[in-house]
Amino acid sequence: MISYSREPQTTIPTSSVKIVGLGGAGANMLERVALDGLEGAELLALNTDIRTLSACVAGEKIQLGRNLTKGLGSGGDPDLGHQAILEAEDEIRASLKGRRIVFLCTGLGGGTGSGAAPILTRIAREEGAFVVVFATMPFAFEGRRRREQAETALNELAVLSNALVTFDNNRMGELVLAKQGIHEAFSAADRMISESIKAVIRLVVRPGLINVGLDDLMSALRTTRSRCLFGSGIAQGKDRASRALRNVLASPLLDQGSLLKEARTVLIHLCGGEDLTLYEIELLMQRLQKFVPERAHVLFGAAVDPTMGDSLSITLISALPEDSLVAGPRDSLTRASEEPVLEPSDSYVAPTPQKKITPVLAEPVVVAVQPPVREVVKEPVSEPEFREEPALKPVERPVEKPVEKPRQAAPVSKPVAPASLFDDRPFAESIPVVQRKAEVVETVKPKPAPEPEPVAVEPVRPEPVLAEPEVEEEGPAPTPVAEEPALVPPPLPAKRVPDDFEDDEHDNPFTFAHHHEPLDLEEVEPDWLDDEATFPEPAAAKVDESELESEFEEEEFPKLTPPEPLKLRAKAPAGQGELSFEGGPRGRFEGESPNVFDGEDLDIPPFLRKKR
Ligand SMILES: Nc1nc2c(ncn2[C@@H]2O[C@H](COP(=O)(O)OP(=O)(O)OP(=O)(O)O)[C@@H](O)[C@H]2O)c(=O)[nH]1
């Protein structure tokens, strides 16, 4: 059985809580917190970028680097961010004065967040606040420089803050499907961060049956360089305790609870309506034994909030040492204090009359990740090297000869069509995509692959297929149809198309898109055909068709289905009389002058000419 302490803990009023959003990411996180609804806490936005600042929902805003960056951002330079916040130090001190707890939300990697967050933390600590930092680490695809800047700042924050909760955007990105865009990934990360902030605030400001205080929180997040383990779940009705726990463990930050096995301190907080029972609490603690090691120090809190109705919420917070963080803090930053400025036990504030706190009905965290998606997301970890390796430069790759085979480049270009990082494809694929695009441009540029035109299909109209029983008799290899264009009577095939072919006009390249008039079979029936004429055996016709097909497959035309005009002509539909081919002019339409060459009427098919 897990043992947990039940000593009374300190709580603080919401009015002494300030949530500060620093930089662009910080502003977005604030927005999320405001959207999700959080009563009591004040929101403060700090930014160098005046446009983002003025659009922010926070009730209080302070511009950083008014003289230095003049309203622009710090362009990814942490030194500028560092200088910019010093310009506004007095204003910030005034704003944070008297606050018991400050939550600082920021994205590390850029200039403002990375440069200003450590200074801001120091100022807040010096003003007597307990500072919890929620910081995101950049996506792998953002590059090595951002990652290094983020790690430097993270190490400074680890020393300066009371509690540091880091969220790796890469991991947050797993909350969205690969096909979703980067905006969805950011917004999923922001939702998770907002949920954590609210859970922590709820934990420390809400008076409860068993209170959790700042000291508990600090102890749960004590490891200075840590990765936060966080899960939150809510369920209603029958069996709500088990279902809420299942939702907690489904949090991607807990890896189905497996990460908890390494935890040394775990903070668990329960909140329910007035019907919350001791049995439910016991049940939950028993279930948790499977995931929390026995040696772990479990901090437990429970609160009753009538506004929760029949809902039960569980919040679980812990931290794992982050071994990968190795860089040390900058010399310019001195550690504010070894011990937290706030001694929670000394600064106990009697619980205020309970304010109506919006119940956190945040949806249970849905893991939208499927195994293949995880693979895709992790892929670009090695990407920064890609650009630097000369061997991978498109210029040095053997370029295919596009002039001879222009169409072969086309399939290569298909998968790389959208190149923006902000398109619908998984962001993780962006780098390789950009690179591949460069290659394709190089290859295709000299001669763009021509689109297959409908005209190119003309030679394969059915007429040549008629040729020729003779060809088979004489034994030479079948002549490609395209080589005998003169023998194709151009208008005839169009007019011989039966009515039902019209529907296939767009699918079948053998149909005749330019002949839309209704067909009059009597009018168009080829009167030059001799009824004694023998038609090729199906087998013979097949040989020609397959050859044609393979030829066109090479040319990457759409898959062609050879029409069957011969069958239609050879056999009249049931109930329709046989048409006589006798008596009319042969091989041409009435009124047209014959197309005679070298004594031969070319409008008459060769096998008929030979008969004569
Ligand atoms: N979770 C989350 N992360 C974000 C968001 N926007 C940016 N980031 C991350 O935060 C890092 C810093 O970006 P910003 O906050 O825009 O940069 P900044 O600190 O304002 O710095 P400058 O723009 O250089 O002045 C980025 O590298 C991203 O990894 C967001 O909306 N949500």
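Please read every residue number as a count from 1 along the shown chain.
Glycine residues also receive a Cβ, built from the backbone N, Cα and C atoms like all the rest.
Summarising the annotation, TrEMBL assigns GTP binding site to G24, A25, G26, A27, N28, G111, T112, G113, E142, R146, D190. DSSP gives G26 (GTP binding site) a helix state.
Annotated compositional bias 'Basic and acidic residues' per TrEMBL: 396-407, in sequence order.
Annotated compositional bias 'Low complexity' per TrEMBL: 409-419 (among others), in sequence order.
The compositional bias 'Low complexity' feature in TrEMBL is assigned to 454-468 (among others).
According to TrEMBL, the feature compositional bias 'Acidic residues' maps to 546-556.
Taken from TrEMBL, the feature domain 'Tubulin/FtsZ GTPase' covers 16-208.
Residues or ranges marked as domain 'Tubulin/FtsZ 2-layer sandwich' in TrEMBL: 210-329.
Taken from TrEMBL, the feature region 'Disordered' applies to 330-349 (among others).
Annotation source TrEMBL lists region 'Disordered' at 396-419 (among others).
Positions annotated as region 'Disordered' by TrEMBL: 444-517 (among others).
The region 'Disordered' annotation in TrEMBL covers 540-612 (among others).
Ranked by how many other Cβ atoms sit within 10 Å of their Cβ, the binding-site residues N28, T112 place N28 at the bottom. Comparing the binding-site residues E142, D190 on other C-beta atoms within 10 angstroms of each C-beta gives the minimum for E142. Here the binding-site residues are G24, G26; the one with the fewest Cβ atoms within 10 Å of its Cβ is G24. The domain 'Tubulin/FtsZ GTPase' (16-208) scores a mean pLDDT of 85 in the predicted structure.
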